[in-house]
Each structure stands twice: as structure tokens, then as C-alpha cells.
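Copied over from TrEMBL, here are the features:
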type	residues	note
BINDING	GLU61, ASP82, LEU84, ASP85, ASP198	Mg(2+) binding site
Amino acid sequence: MTDHELAARLATEAGALLLDVRSELAEASAEERKAAGDKRSHDFLMAALAAERPDDAVLSEEGPAEAADPVRIGAERVWIVDPLDGTREFSELGRTDWAVHVALWQRGGDGGELIAGAVALPAQHVTLATPTVLTPPPAPAVPRIVVSRTRPPAIALEVRDALGGVLVEMGSAGAKVASVVQGLSDVYVHAGGQYEWDSAAPVAVARAAGLHTSRIDGSALRYNQRDSKLPDLIVCRPEYADAVLAVTAR
């Protein structure tokens, strides 16, 4: 099984487990659903990666603090996973804008690279995965800027105004990037707090679809760093990249 196939399979199967948790705990509290979903998906991914790729390191949102140790930093290959991206949306029965992220980083070149990735949207029964992702359909006349439904960053509002666009509200980071990949939105700009696991798989998928990905200053996104914080991100159609960066990089 190739790395691409493994990423897609694990993201999809973890998503199926999360749907089971939602069903089993439909009468439980939102907090119970969040905790159970995080744990079940994390435990599954850790066990599966240990079995399928025992020589690779893993960085998971739900992993122990020592995941930032020298072993992971010095590894040739690191799986970067978010077992449940969008816990709030997952806990709200009926919402579909949450995801599972599975990505693989490999050392080489300037800072290494993401060589495989998958974003599962379990409640939508969709998994987007490398190496082949369809290019989004032609953009509409008015660009759509996808933002958090609870806390849209000021920089996204500035981009909307500069592009003459409209806002599309959505939950998790993975769902937002997936919406750009699927042609449901055109620009995703985030600033103010994310980690490598929030963006690694979505960025791998976005790149496979031919989209622009970068930091908000235009610099490259780097993964498997000693500090796993990666606080800002742009994913957009390439035709909007210059206009977006004219706002975000100033």
C-alpha cells in the first residue's frame, strides 16, 4: 500500500469511527462526544501507523507533550495527524464541517516536504487525498472568502474588502480548505493560532489540486519544526494569490 493510499484509508476509517461515536453518544453531552471522539480516533490512528509504518514518527494533536522530542525532530518521515479537526462542530449533531487529517512529511531539500495527505469529511462521506485531486471548477465573478463561523479574523475581512468578495462561514480548518479544493469557496486566510496538524493534510491536498498555499507573508509553510505552532495560513485559487498577499503581507 502506498503512502497516499494509506493516508486516505486511515483518514476514512477514523472518520467512520467518529460517526459511530456520534451515533453511540447521541444522548450524551457535547463534552462527552468531544472527548470520546478525540480519543477513539487518536488511538486508532496511532495503532494503525505503528502497524503499517513502524519506522516513521508521528505528531498528533492528541499525542503526548514529548512528541516534540529530538526523535521526531530528527526523523526522516513524520506522519502529522489531527484525529478530529473541529471538535465543536463534531459535538453538534447534524453539522458536517469537521474533518480528520492524515499527512506525511519527509526530510529532504529545504525544510522537507509533505509527500502525502488526506482530509476526510466523514459526515459528508467525502475523502480528499493525494496524489490526484480534481482542480476546482471556474471561479465565480465574486470571490468567496471562507471564515470561521464564530471568530472570523480581521485579516480575512480586509481581504474580503480588497477583493470585493463575500464571506462564507464554516467550522473546522480542514473543512474550510476542503471547500476551496471543492470549489465551494475561493480564499481561506487564517491568522492568530494554528498548529502543524491543523494544516498539514489540508495543505498537501490543496497543493495536489493546484492551489496556492503559503504563510500570510508569502513565505513557505514548514513542517516538523521543533515548535509545532504554525499560526497563519493562506490557501486560495492561484489567480487570487497576488491580490490576497497584497493585503496580508504588507
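Cβ atoms are placed via backbone N, Cα and C, with glycine included.
Annotations in TrEMBL come from automatic prediction, not curation.
Within 8 Å of the centroid defined by the CB atoms of GLU61, ASP82, LEU84, ASP85, ASP198, the record's Mg(2+) site, lie the Cβ atoms of VAL81, PRO83, GLY86, ALA99, VAL100, HIS101, SER172, ALA173, GLY174, TRP197, excluding the listed residues themselves. In sequence order, HIS42, VAL81, ASP82, PRO83, TYR195, TRP197, ASP198 constitute the residues six or more apart from GLU61 (Mg(2+) binding site) in its chain with CB-CB distances below 8 Å.
The Cβ neighbour count for ASP85 (Mg(2+) binding site), using a 10 Å radius over every protein chain in view, is 29. For LEU84 (Mg(2+) binding site), the same-chain residues 6+ apart in sequence whose C-beta sits under 8 angstroms from its C-beta are LEU18, LYS34, GLY37, ASP38, SER41, HIS42, PHE90, TRP98, VAL100. For the binding-site residues given as ASP82, ASP198, the lowest number of other CB atoms within 10 Å of the residue's CB is seen at ASP198.
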